[in-house]
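Enquirer: Dropping the structure in here first, questions after.
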Amino acid sequence: MALLRKINQVLLFLLIVTLCGILYKKVHKGTMLRNEADDDSETPEEMEDEIPVVICAAAGRMGAAMAAINSIYSNTDANILFYVVGLRNTLSRIRKWIEHSKLREINFKIVEFNPVVLKGKIRPDSSRPELLQPLNFVRFYLPLLIHQHEKVIYLDDDVIVQGDIQELYDTTLALGHAAAFSDDCDLPSSQDIHRLVGLQNTYMGYLDYRKKTIKDLGISPSTCSFNPGVIVANMTEWKHQRITKQLEKWMQKNVEENLYSSSLGGGVATSPMLIVFHGKYSTINPLWHIRHLGWNPDTRYSEHFLQEAKLLHWNGRHKPWDFPSVHNDLWESWFVPDPAGIFKLHHPNS
């Protein structure tokens, strides 16, 4: 009898330890991405009517996110819910900027991203160190940000929206596709820009085809690439296909084998997405992602073409709040001054 009692005590102890381990794991995972407004309750009808837009607000370029938000909000009558993502030390500044500016009327939630989720998954060698910043990888973790919504828009912070965001949200995703992107070969005018500044628009520019792991993928190096700075995503498919886990796997492989090409600095976050989504994504209307405005300060699009564009993206080194840059007047018209006076434009006439 005493032996049986002792066995029961041991089993009870093991059960308690197991439950504590499970509880710790859940709590720890929940702190990687924390939503300040998780206590907000919304009816199913309200959630159906909302268009969730995820955008990151990094400390050194927070004015970019605010300009993007301003352009989206000002060009639509749709019910937008902005998920503004930042690191812990920037959250209060994000809130102050929104609540003490013309953006105070927007519907928003502030979300904390904890970089611990990226530990051991990023190689420190990049020609553009700014692309190694933690927030550059937020797009990999969308399901941990969005819990109630079936469909979500992700935008890089260096964009301006000139059209009604409802049109982008209405992008049709084919059955079995977790996301839609804009191909790098989809616009004649984009092709002209590619030639002028010597840009790559194929997988060759992002993956190192000298490596066996890349060759074994069976993807032609001449396959047209896409830019993940604008994403329309289906959260159900994303979770079903375990997209986040797949992306993390290819991040880890790159740490171990250095699989990404050094010819393009943007390959840090783009390359794993090109692998995971190869042949399995829908396409966005090309006018909803006019890009490469930040690649060369001497290369410009025509004014007529820019007026037709629904979304402008200054991907590249030359940002519209800095000098030199091109078409910065289009960006500056949406700039929201920093109430704290920290973020300033670096233009000769500013």
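The count begins at 1 with the first shown residue.
Quick reminder: no glycine exception, Cβ is built from N, Cα and C everywhere.
Bear in mind that the values here come from a model prediction, so they are computed numbers and not experimental data.
Marked as N-linked glycosylation site by Swiss-Prot: N234. Residues or ranges marked as topological domain 'Cytoplasmic' by Swiss-Prot: 1-6. The feature topological domain 'Lumenal' is assigned by Swiss-Prot to 25-349. Residues or ranges marked as transmembrane segment in Swiss-Prot: 7-24.
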Enquirer: Over the span of the topological domain 'Cytoplasmic' (1-6), how high is the average pLDDT in this prediction?
Expert: 56
Enquirer: Please list residues from the chain of N234 (N-linked glycosylation site) whose Cβ is under 8 angstroms from its Cβ, counting only those at least six apart in sequence.
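Expert: Correct list: E150, K151, L173, H177, A178, A179.
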